[in-house]
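Listed in TrEMBL:
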TRANSMEM  17-36  transmembrane segment
TRANSMEM  48-76  transmembrane segment
TRANSMEM  126-145  transmembrane segment
TRANSMEM  157-183  transmembrane segment
DOMAIN    191-273  domain 'Wax synthase'
TRANSMEM  236-260  transmembrane segment
TRANSMEM  272-291  transmembrane segment
TRANSMEM  297-319  transmembrane segment
Amino acid sequence: MIKIIVMEGEIKNLSRVWLAVIASLSYCHFVSARLPKGKWRLISLLPIFYVFAILPLYTTSAFLTAVTAFFITWLASFKLLLFAFDQGPIYSNPPKSLPVFVAVAALPFKIKPKNDAPALRKSKKLPLYLATEIPISAVLISILYDYKEYIHTHIVLIVYCCLVFLLIEILVELSSLLVQALLGLELEPPSDEPYLATSLREFWGRRWNLTVNSLLRQTVYKPVRSSAAAVVGKDWAALSAVLAAFLVSGLMHELLFWYVSRASPSWEMTMFFVVQGVCVVVEFGLQVALAEKKWRLPWFVSRPLTVGFVVATSFWLFFPPLMRNGADVRVIAEFRDAGSSSLNFEVLPWSLAGRRILRYSRILNAMIVAQLLMDLLVNLWSGNSFSQVKRYSILFEGIALIGDGVLGDYTNLPCGWDYCITLHQNLLQQRALCESVTPDIDYYSNSVLLDDGLNMWVTLAYVKSTVCF
């Protein structure tokens, strides 16, 4: 119950934060956009920069704090900085509508250019990616939560690397899918298979976290290169701009970590990105020198070297401050707490179901949530509206599980709250009878689990029926 209260409080905090974001971006759309570009528009945006800087302080969850700081304090602020000079993803002529303006400013994606057919083909794989990424993430988090103390530190760090990639992908893809479904925008993929990079330059420049890459190119790389060209020459200016972009990225990561830990910065994360920038510059110099001799490493050598270098340096500089301050443990615990209560009916005052499901929810919840998301994503991606999303097969498997005639025929009942409440009340009335029913599926053959199985299917009925508006 304490966890539920804490979660409800955190949801309220997050709601207030995002209401403030929407209000701030509405001001930018209706007021700042009407000012001339340059100094005056930038001055009008200064209060918004301040608001975006303090918003992560109003959340207590480590994960939600990091997400808010990443989406709003970093990305949205950089987008508004470009917007002040009629540049960046949120500027357009004619102006974007308010919903599109807010979505593009607040969420980490890029709108696909209309003539970019390859990006369209890649974006069509989105549900498949999520269908595999979400269960894998759930399994990795479960393993870390239960067995971290028994696993070698290097293995834990490798799992952390995988989770960083997967969670960023899931966050960006879910926000992109929401925008695609509601606003009909075609969006670029969040990354381009960074594990296939054959060089550091390719990894950081063309494959990893393309939204951040694009913003750093516009806000740091191009201005520094343009300013330095007259002083040090074109070639050295480009190298200086690369180092500057990595330095800014490191400082922003340091800021994100400060929001989460509220501890004095150790500057290890900044050093991680500075090391990456220096190595990108050195690598580029070696490639130019070796190109004259027409010598190049084969891909089956360069790929492991590239990914291995990024992973090894993250072991050295990126993850130690996270682990030293316990941020990793907090995030994993938050995911597990959220998973163990996400399908718990005790949060609803009219329901008693779900009380005992927590005992068996560690694996079940991961499977259920993954199936629910996959069903919903496939329906949305195939062009179905929410009103066309009907009851799914798992619900009927659950009804069949406890025997024909026990619940009666509910196939003609409408979706929504009425359906869910009716099913739940019937289950409560038939509890004694249901306990004597032998399940048809082997992994529910233990009669002790029957009541928990019933609660699970009721919870599924609720979750699935709420998408049938």
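Cβ atoms are placed via backbone N, Cα and C, with glycine included.
Heads up, TrEMBL stuff is auto-annotated, nobody curated it.
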Outside the transmembrane segment (17-36), at least 6 residues beyond either end, the same-chain residues with a Cβ under 8 Å of its Cβ set are 44-45, 48, 51-52, 55, 58-59, 68, 72, 76, 80, 83-84, 95, 98, 101-102, 105-106
The domain 'Wax synthase' (191-273) resolves under DSSP into 68 helix, 0 strand, 15 coil
Model confidence over the domain 'Wax synthase' (191-273), as mean pLDDT, sits at 92
